[in-house]
Amino acid sequence: IYRKHLKYIGATSPGELCNESYVAGVGTYPEDIGLEGLSMVITQLIGLHIGLTYDDVDNCSCPRAPCIMQPEALSSSGMKTFSNCSVHDYTHYASKLDMQCLGDLSNVLQPKQSVCGNGIVEGSEECDCGNETECQFKECCNHETCKLKGSAQCGSGTCCTPKCELSAAGTPCRKAVDPECDFTEYCDGSSSHCVPDTFALDGHLCRLGSAYCYNGRCQALNDQCVSLFGKGSQGASYACFEKVNSQRENLANCDSKNSYSLPCGQKDVLCGKLACFRPNKNYKSSTQSVLYSYVHGSVCLSIPPGLSMRSDGKDNAYVADGTVCGPQMYCINGSCKEVNFTGNDCNAAKKCKGNGICNNFGHCQCFPDYRPPDCNLQIGSPGGSIDDGNLLRTDSALATKRLSQHADSWVILGFFIFLPFIMTLFLGIIKRNERKIVPQKEQER
């Protein structure tokens, strides 16, 4: 439950973990704490539920203060541990019969059975190309049994060829959708499925430092306007955003998750509905409803919510998450938040030696001629990371590449060495033939 002002962190039934009538709890999400603080709220509620109590700071201690079951833990950052009092409480509670339900495995949920035909390889399935209509690998995979046919190596996936063979290692299987914030993934030669998506760590600077990468895309305000209103449109001024997002009307909303009107607070004006300058003075939209606002002699464009939805459920009428809203700040869920890097330990300058950037797995995405995982110099390396599936950066592959390059170089060098010799020989033959022809003509005279 979200609460703007904190009066309590939640409610649960202390020590009633195995009581089916009370095995529940409710936690609050105060405005002034981040995800780390919320995780402590949940941890403390679970602790109370299994019989722990709040620590007495005078009698309880832990290796690094504050301890988990202390109220101060909600507002502090960094690793935390349980105190000696919490360990004692748990040992005492676990020794009683009140926790015997934890040893009862009769009600453990069984893994979901695989469903043949849903396009997802599960359980004992060898392949799953979808139902009869969807299956594009009918020569490779039996869509009714999800078993491979004959000698087929694969029967589904982006790294499976029409000949039922695994794609060669290094074959691109997912192209980058953004030149700065997303990366191409490759088949690894051993799986028919592409590796998980890799992209720049959220908060990485793009567009010459004017925007942030977020979820694999450079969230530049101008790009969002171009996608809605066409080439030439640009992000509007602060005055336009204030006009569009501060009025109390049905179409002024800083919270796209709710159906009611919620004008933006002053600090969140740039994170509400998207406001853009028109591409040109004669701009008219024939494909969608456009709202026109006039501010200080400028025309600001916006659209009503719900008319331009993305495949991920987000509404293009609103500023995208990750868009800059101030110095070291970007928009998250309609609010202007400080860019927070406390959740990752990847420092590109140190970990990648300045020869790459951090990706969403916290690993280095190296520039060309630098080899992962540490981005050490290696001429000929395609760069990338240990996560993108490209195995063609191994020592043997690079050695083969260099030998091939050297062989080509020797062929070219040999050609240029022997070319003058061949030309000299050819010219000599021509001269000799000319000398033979001249005496014959003199004898004929």
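Cβ atoms are placed via backbone N, Cα and C, with glycine included.
Just so it is clear, the model here is predicted, and its values are computed rather than measured.
Quick look at what Swiss-Prot annotates:
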DISULFID  CYS18-CYS101  disulfide bond
DISULFID  CYS60-CYS85  disulfide bond
DISULFID  CYS62-CYS67  disulfide bond
DISULFID  CYS173-CYS194  disulfide bond
DISULFID  CYS346-CYS358  disulfide bond
DISULFID  CYS352-CYS364  disulfide bond
DISULFID  CYS366-CYS375  disulfide bond
DOMAIN    1-106  domain 'Peptidase M12B'
DOMAIN    342-376  domain 'EGF-like'
CARBOHYD  ASN19  N-linked glycosylation site
CARBOHYD  ASN59  N-linked glycosylation site
CARBOHYD  ASN84  N-linked glycosylation site
CARBOHYD  ASN131  N-linked glycosylation site
CARBOHYD  ASN333  N-linked glycosylation site
CARBOHYD  ASN340  N-linked glycosylation site
TOPO_DOM  431-445  topological domain 'Cytoplasmic'
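Each of the disulfide-bonded residues CYS62, CYS375 was scored by how many other Cβ atoms lie within 10 Å of its Cβ, and the smallest score goes to CYS62. For CYS346 (disulfide bond), the same-chain residues 6+ apart in sequence whose C-beta sits under 8 angstroms from its C-beta are LEU201, CYS358, GLY362, HIS363, CYS364. In sequence order, THR53, ASP55, ASP56, ASN59, CYS60, MET69 are the residues of the chain that are 6 or more apart from CYS85 (disulfide bond) and have a CB within less than 8 Å of its CB. The separation of CYS366 (disulfide bond) from ASN131 (N-linked glycosylation site), Cα to Cα, is 40 Å. Residues in the domain 'EGF-like' (342-376) partition by DSSP class (helix H, G, I; strand E, B; coil) as 4 helix, 10 strand, 21 coil.
Averaged over the topological domain 'Cytoplasmic' (431-445), the predicted model reaches a pLDDT of 56. For CYS366 (disulfide bond), the spatially nearest entry among the recorded positions CYS18, ASN19, CYS101, ASN333, ASN340 is ASN340, judged by CA separation. DSSP assigns ASN84 (N-linked glycosylation site) to a helix in the three-state reduction. Note on the disulfide-bonded residues CYS18, CYS173, CYS194, CYS352, CYS358: the fewest other CB atoms within 10 A surround the CB of CYS18.
The sparsest Cβ neighbourhood within 10 Å, among the listed disulfide-bonded residues (CYS60, CYS67, CYS101, CYS364, CYS366), is found at CYS101. For the pair formed by ASN19 (N-linked glycosylation site) and CYS101 (disulfide bond), distance between Cα atoms is given as 9 Å, rounded to the nearest Å.
Within 10 Å of ASN84 (N-linked glycosylation site), as judged by C-alpha distances, the recorded positions found are CYS62; the full candidate list was CYS62, ASN333, ASN340, CYS352, CYS375. According to DSSP, CYS173 (disulfide bond) is assigned to a strand segment.
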